[in-house]
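In TrEMBL this protein carries:
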type     : residues                    : note
BINDING  : Asp51, Ser52, Asp90, Lys118 : 3-methyl-2-oxobutanoate binding site
BINDING  : Asp51, Asp90, Glu120        : Mg(2+) binding site
ACT_SITE : Glu187                      : active site, proton acceptor
Amino acid sequence: MSTHADSKPWTVPALADAKREGRRLVMLTAYDNSFARVLDANGVDLVLIGDSLGMVVQGHDSTLPVTVDDIVYHTRAVARGLNRALLVSDLPFQSDATPERALDAAIALLQAGAEMVKLEGAGHKLDVIRFLAERDIPVCAHLGLTPQSVLKFGGYRVQGRDEAAAARLREEARAVAEAGAQLLVLECVPSSLAAAITADLAIPTIGIGAGPGCDGQVLVLHDFLGLDTGHRRPKFVKDFLAEGGSVAGAVRAYADAVRSGAFPDDAHSY
Ligand code: KIV
């Protein structure tokens, strides 16, 4: 299956081209150099240094303890392993509380090798997105189940289920794109809502537990390899190692399944 000119390095503007041309984007998280090299060599378009590392690498119960220094450390290691994939790094909990704090954190992440920063939420974060975008820092927004808001949500729950919440999310998605985000992660929202948001926007959406109607998909590396992380395995997770037979085979199986639209199916969606 053809990918992004097969071996051309990804750039931020190429993401919107992919959406216009109907090419689905394949994203996975990585936290170290060895996995980064396997992902890069086997068809992954975007690699995310997610603050999920707090849960799957550091053993915490949430992403809240993760610091900018943690993300910088893992970003440096992963950046050295990538030739083709675009590297996106998370702004961890409250490092984006104000535009100025977010700028300092984003500079640290870009200087470590990130090409885009991801931040959770809308509301006051719209000013943060605008502030970063005006300073030429590419931003990926993240809506739906935003794990940094776990205390407010009272757990990790599907978002946007009722009509009012769905309308709110749809409005927030338009607002983050309008503020300058160039990519949007939608986590744990009903498939129909994610498909509607995807149709509303010119920027690509990346789903995780958001059904097949997004422009791309992301999974946490440990979930995708079927590892026991000590946390409940959500419905949207599929063990691709079982299917691929090796780590490289799993990455290829995932990339093919995302590009063909075979993953996620209804069994892995809400
Ligand atoms: O931290 C992370 O890995 C993420 C993904 C779940 C999208 O934000």
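Count begins at 1; order follows the chain as displayed.
Cβ from N, Cα, C; glycine included.
Note that this is a predicted model, so its numbers are computed, not measured.
Same-chain residues that are not part of Asp51, Ser52, Asp90, Lys118 yet have a Cβ within 8 Å of the Cβ center of the 3-methyl-2-oxobutanoate site turn out to be Thr29, Leu48, Ile49, Gly50, Leu53, Thr63, Val66, Ile71, Ser89, Leu91, Pro92, His142. Put simply, the residue listed as 'active site, proton acceptor' is 13 Å from Lys118 (3-methyl-2-oxobutanoate binding site) when counted between their Cα atoms. Annotation: Asp90 carries the greatest number of neighbouring Cβ atoms among the recorded positions Asp51, Asp90, Glu120, Glu187 [cut-off 10 Å, Cβ to Cβ]. As a whole number, the greatest separation of Cα atoms within the 3-methyl-2-oxobutanoate-binding residue list Asp51, Ser52, Asp90, Lys118 is 12 Å. Long-range neighbours of Ser52 (3-methyl-2-oxobutanoate binding site) (same chain, six or more residues apart, CB within less than 8 Å of its CB): Thr29, Thr63, Pro147, Val220.
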